[in-house]
Amino acid sequence: MKPGPFQRVMFALYAAVFFLYLLGPLAVMAVSAFNTPQYPQVWPIEGVTLDWFSALFADQDMMTGLKMSLWIGLLVVCISVPIGLAGAIIMTQIQPRVRSLYYLVVVSPVLTPGIIIGISTVVFWRQFTGQTGTRFLYDGVVLTVLGQASFISAYCMLIILARLQRFDRSQEEAALDLGASYPQVFRHILLPFLKPALASAAILAFLSSFENYNTTTFAILSDKTLTTVLAGRVRQGSTPAISALAVVIVAVTIIGAIAYEIAKRRTDAAAARRQRAALEAEEAELSGTPAAAMG
Amino acid sequence: MSGSLAFVFGLPLAVVVFFFGLAAYERRTGVATGGGFFQRNGLPIGLYLVLAVGFWAFFIILLPQLAMVDMSFRPKLPPSQMGGPKDLYTLENYRYFLFGSTTSTEEWNWLHIKAFFLTIGVSIVITLINFAICYPLAFHMAQSATAARLRVLLLLLILPYWVNEILRAFAFRVLLSSGGIINQMLMGGGLTSEPIDFLGADVGLYMGLSYAYLLMMIFPLYNAIESLDTNQVEAARDLGAPWWHIHAFIVLPHAKPGIASGCTLVFMLTAGALAAPLVLGGPRTLWFTPIVYDRFYQAFNWPQGAAYAFILLVSCILFVLVVLKAFRLSLGEITR
């Protein structure tokens, strides 16, 4: 495709406006985190300060909320990834005539508004724990984990399912023919094949849990997570400490993204090296010089 | 009350028994081939699969939804009277949504009805706007961007979404507040002598909502357009099709599942958004989710809150069904 110069200019203009809209608000907020006035202000810059960052880390509620969010995120990963894996495996095995009903049920939380998931989780578990005498389970952390697990498990399932559909069942059959037991096949054939999908599902699960607000605000009851504390702070009034939090999150994200990219390039390079070595070995074998294959 | 417990445990059991009955029947009649479920997976793994999915489908998804719907048809009672003679099914909570409290002089409950329709209407408009904003970029990314530029674009797109929803809304508050940079620029440029109250006029809310879910539109669109063979576009161009023909008759029909998927996601998220209305809404802002929230934590009327939540859920489901019908798609095609 070769767009004309006019189209090109128009597109560049559009892209500039688009990214200004996308990144501008964050840039403005970031600047206000370093400016001295009490109210988040961008211009004029009255003085550069890091006070808002120390105010942020001195905020006890915020730090307790952060710990709670990290803890809930880990629990959600521990629940959602196994459920998503089971959901994906069942999806490939279930009878075709009930598959679409099953799909509808397990994907529905993705399309349900978050507050409704939060509300229904609280309503159900309040009744259930009351009637079965397990009141200790009626707890903010438990409910939040269950509520978030409903849709995060579905995300995990969709990610794992995408990879599972490329799985070659003959590998499994070969292992069974060679005398492996079912748990062994699962452990040594299926899980290693799904490993990349499981890892991305775990990362996505943690991040979705960490930044969730709509479901959490209902399900958390009297406890506090980072997002609910944050919502309270923002409603009380604006302070640059909130901007400082955004700056910290973006900085952590960028560092994480770079680390991930480096790690990925390294494993890609290693895989490419292995493949090259295997090819060379094969060629050496074909040309009939065993010595070269050894080298 | 013990009746509902029997239901809670009986329903999953009945469904599991039904499934295995169906499987056994199909094997006997020769519809299905191969071994049974436990034969195929082994007992420990099979048990794990059934228990994990059973717990998820029933205790995390279905039963809570049913409990919420059930509660929405019950009167508000103190805990001691729950399950007592007064605990009868009623439409009172839905009546309240339409007509307001019995002591009110208004004929209709205009406040809530208006908020509801405004939420649905604005969500539809925001969905369409987001589609218009995202389509050109998605097309560019999928069809004409080089690999290196694509990486940069993807990174720039994803970056804002690592920031929490509340913080994103907060950024708009900083931007649009009366002393904010937009008002400073407008006043500095002499366009207005007094700061414009963007937040009070809900401009901030609508911008924040549109901003919050841009990504949910762009990725489904990008994925759908990316699978279109560039040769088709080239061929159409060589045959003399004007640019809008190419989009209307080649790209858009091909991207249909992506468009439907993006639109449903954006609509659902916008209609169900809670953070942006709380942060960017003024005291007079009409939005349905904060009203639902207040039913629970200010009016302490849980059954009524459940009814309101159910109304929202039903309208969202209707919206998805209408979109699917209009695009002639199945659910599986849009949740990819």
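Positions of Cβ are set from backbone N, Cα and C atoms, glycine also.
As recorded in TrEMBL:
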TRANSMEM  B:5-25  transmembrane segment
TRANSMEM  B:45-67  transmembrane segment
TRANSMEM  B:115-138  transmembrane segment
DOMAIN    B:116-323  domain 'ABC transmembrane type-1'
TRANSMEM  B:144-163  transmembrane segment
TRANSMEM  B:203-222  transmembrane segment
TRANSMEM  B:259-280  transmembrane segment
TRANSMEM  B:306-327  transmembrane segment
(request) Using a Cβ cut-off of under 8 Å, list the residues of the same chain at least 6 residues beyond the transmembrane segment (B:144-163) that approach it. (result) 137, 171, 215, 218
(message) Out of B:5-25, B:45-67, B:115-138, B:259-280, B:306-327, what stretch is closest in contact terms to the transmembrane segment (B:203-222), meaning most Cβ pairs under 8 angstroms?
(response) B:259-280
(request) May I ask whether the transmembrane segment (B:5-25) has at least three C-beta pairs under 8 Å with the transmembrane segment (B:115-138), counting pairs 6 or more apart in sequence? (result) no
(message) Which residues of the chain, 6 or more past the ends of the transmembrane segment (B:45-67), have a CB below 8 A from one of its CBs?
(response) 8, 11-12, 15-16, 37-38
